[in-house]
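The block underneath contains the structure these notes are about, expressed in structure tokens.
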Amino acid sequence: MQYKHKHPPMSSDVIIGMIDTGIWPESPSFNDDGIGEIPSRWKGVCMEGYDFKKSNCNRKLIGARYYGSIQRTYSNNKTHMAKPDDSPRDFDGHGTHTTSIAAGAKVANVSYHNLAGGTARGGSPSSRIAIYKACTLDGCSGSTILKAIDDAIKDGVDIISISIGMSSLFQSDYLNDPIAIGSFHAQQMDIMVVCSGGNDGPDFYSIVNSAPWIFTVAASNIDRDFQSSVLLGNGKTFQGSAISFSNLNRSRYYPLAFGEDVAAKFTPISESRNCYPGSLDTQKVAGKIVVCTDNDLNIPRQIKKLVVEDARAKGLILVSEDEKIIPFDSGTFPFAEVGNLSGLQIIKYINDTKNPTATILPARDVPRYRPAPTVAYFSSRGPGQYTENILKPDIMAPGVTILAAMIPEKEAGSVPLGNKPSGYAIKSGTSMACPHVTGAAAFIKSFHHRWSTSMIKSALMTTATIYDNTGKPLQNSSHHFANPHEVGVGEINPHKALNPGLVFETTTEDYLQFLCYYGYPEKNIRSMSKTNFNCPRINIDRLISNINYPSISISNLDRHKPAQTIKRTVTNVGCPNATYISRVHAPVGLEVKVFPNKIAFIEGLTRVSFKVLFDGKEASSGYNFGSVTWFDGRHSIRLSFAVNVE
């Protein structure tokens, strides 16, 4: 089934709904130069607030809603002070950042105070954007998010992007999770919902927003790093991770001290080493560069930096093997984060030297960083808490040190001396990875207007990259080969996804059957879906693996029972006459067979089914990962699998 267009594709016809903290409309990333009239199908509004006018919307930013106290109250003839909630304007910067990643216009010569300089552009720079400010200073309430999703559906968006998620410790099941419920309603209208998978990694079972009808995104690093040089008085130099605009230089060195050596009285060594609040003696710290460890992740880097800075230190060297992969923005305070090996050498220098000294230089760009992409340390991992018969996360996208639009800086110490506040900032999180996938989906939809949501999702998943820029399989933050519970099916490759060859179409009926197999009462499913759907006669959890999803997961393959067979159906979107041959990549001991191992398409025959047999008699216990790839000489359609053998 090859879709052709009478007219060239217009990406400006694609409308992205961003549910977040609002937007800073003055950013050049949201200018509407070169964009035509607003599509007539658009039914949304541009709500005014105390600091936001209808004129702030344009042909690019076509809609803006907020859900605070819309009408200000009056008493004693005095107006109450307007709050940031009373406007679509971004109070935090998060929404501005994510929106520009998804669909920011092309803006030349931008940087974050001369770091990451170049041209900024979103994943789909010609797409329209509509903002739904569901988050306020008090947080993001579930009822407001659900209302925002329903508004976006009625307004006429094509894709919804949600870089929001509750803690993995407090997740709700599918029919009690507002994002899952709202996203199901969107899916019924063939509107894609892309969500961040959460920042509770590297623990497994920490993934959130894991309903099968949600496109769940993990975060990776990119091939650019930011480093500060740590120069010791003995002539040795160490490279530390940082986004720091240090005012120190090579011409002057400062006394260097380990946290435990400048501890406040009666402070346990474990606390002073980790620079706990109140653990350092201000008189001992003043004028020194302090070395702290990061053994206790309950005390974030921001707090450690403030502790040292408030004690009048000249700078901070933090020792952390895991978090150094994610450069920390310390503003103008000198900072560098080194790994354990470098940290031990620095501490040894302190212990072996009568008057140890050091300096920390400003951060600089490190281009062509290798290996990349790798899984971000913080990126939440699967399997899903509520079912392991759907593979989550779905896919991985850039989410570390991403330069994008931001509200003007207001914090003292965040702007280097002599610089103007930057309209762009560097941020990390699955919040940044999510809009990369949103933009990629909009990009594909601009070329394939008639493709359904599930076809676009399948195209991105089955063409994802599983190798890094060194040619080796993707790695996790511990430098081991990553598995699908960390990366999903791999890193997005939007250009390859434009021509996937075959796609797996997952229908609303598939998702309704999923809810039946999961065990929900039929009346609850009907109430949520507003349908008269009848559940199949047999409803057991293992049948979830059989819904037509673009990956396979089996939560329990019993080695003492007969092999389990999984069915999938593919739709041909490439050449009408094509023959595909299957290739299996499986770990030793897990028997995987495909029936038939060859499928052929001709004019008029666009859908073909096949079965995959899994036998774990000789397999290793626990999860086994691999893939089935269909190949026609031009296209490779990879169906990743995760099979838990018990």
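Keep in mind that glycine also has a Cβ here, set from the backbone N, Cα and C atoms.
As recorded in TrEMBL:
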DOMAIN    12-472  domain 'Peptidase S8/S53'
ACT_SITE  ASP20  active site, charge relay system
ACT_SITE  HIS94  active site, charge relay system
ACT_SITE  SER431  active site, charge relay system
DOMAIN    546-643  domain 'Subtilisin-like protease fibronectin type-III'
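Every protein chain shown contributes to the tally, and the Cβ of SER431 (active site, charge relay system) ends up with 27 other Cβ atoms within 10 Å. Looking at HIS94 (active site, charge relay system) and ASP20 (active site, charge relay system), their Cα atoms lie 7 Å from each other. Taking Cβ-Cβ distances under 8 Å and a sequence gap of 6 or more within the same chain, the neighbours of ASP20 (active site, charge relay system) are ASP90, HIS94, GLY95, THR98, THR99, ILE131, TYR132, LYS133, ALA134, CYS135, SER161, ILE162, SER163, ILE164.
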